[in-house]
Ligand code: DX5
Ligand code: ZN
């Protein structure tokens with residue numbers, strides 16, 4: 001299934017309630033928390049996420065781009081927050097943090113920046129409900145999609161299938177109707193889009209267009225996903241993992 005999560009980083013923060021209503025047809029809302037330390041940009045923290053939770057009925061997907069998520073991330077596991085994503089590069093103990101998030105009733109998700117390998121995530125994949133593969137350097141909207149991240153997506157999807165676990169696989173950065181099918185064909189199923197949704201006069205139309213672009217990637221069979229996954233499993237990537 002293709003799920004579209006607009007990122008409010010590209011919304012009007014002064015009219016956020018209005019801009020949340022514009023994306024009511026989405027599958028979730030992606031909320032970027034940045035601390036100006038882990039990334040060179042600053043947005044907002046828990047009080048804003050709490051207010052968003054009061055005014056939207058969409059599932060909230062919190063993307064924490066902050067230092068020390070081991071300390072701060074559990075606080076974000078509030079009502080209406082469907083998943084909390086923390087960065088692999090920032091955490092001391094990803095597995096313990098994921099377990100704590102799950103214990104608090106939210107889905108646990110781990111993110112990797114473009115320069116971070118997924119080997120450690122693959123080793124502990126069952127501990128996570130979602131993996132976020134960044135397709136831009138985190139920090140800013142409006143950057144170009146990095147197609148060279150797709151082998152990570154393919155490896156994660158292949159491993160999840162091998163293990164027989166349900167894993168949401170999210171891509172974030174530069175997602176448009178042109179790039180979404182590439183990520184979908186690689187195994188992603190949750191698509192974050194900031195500028196592609198809010199940069200247009202009708203966000204609702206853009207959500208539909210993105211969803212259709214994703215469905216097309218599966219329906220036309222342009223790329224045989226299962227063959228891709230079999231290929232990855234046969235290259236030695238899977239063989240180097242603990243089983
Ligand atoms: C960037 C954020 C993204 C951002 C994506 O660090 O994590 O969620 O909003 O913006 P676009 O879709 O414009 O690349
Ligand atoms: Zn994000």
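Cβ coordinates come from backbone N, Cα and C, glycine included.
Taking a C-beta cut-off of under 8 Å and a sequence gap of six or more, residue 32 (active site, proton acceptor) has these contacts in its own chain: 7, 8, 9, 43, 63, 65. In three-state terms derived from DSSP, residue 32 (active site, proton acceptor) belongs to an extended strand segment. Per TrEMBL, active site, proton acceptor is recorded for 32.
Counting only same-chain residues at least 6 apart in sequence, those with a Cβ under 8 Å from the Cβ of residue 172 (active site, proton donor) are 7, 30, 63, 111, 132, 133, 134, 135, 136, 138, 192. For 172, the entry in TrEMBL reads active site, proton donor.
For residue 139 (substrate binding site), other Cβ atoms within 10 Å of its Cβ number 19. Sequence annotations record features per position, and here TrEMBL assigns substrate binding site to 7, 63, 139, 140, 141, 142, 172, 173, 174, 194, 195.
Marked as divalent metal cation binding site by TrEMBL: 30, 32, 63, 172.
Neighbouring residues of the recorded divalent metal cation site, listed in sequence order and excluding 30, 32, 63, 172, comprise 5, 7, 9, 31, 61, 85, 132, 192, 194 (Cβ within 8 Å of the Cβ centroid). Residues 7, 63, 139, 140, 141, 142, 172, 173, 174, 194, 195 are recorded as binding substrate; their most distant pair of Cα atoms lies 17 Å apart.
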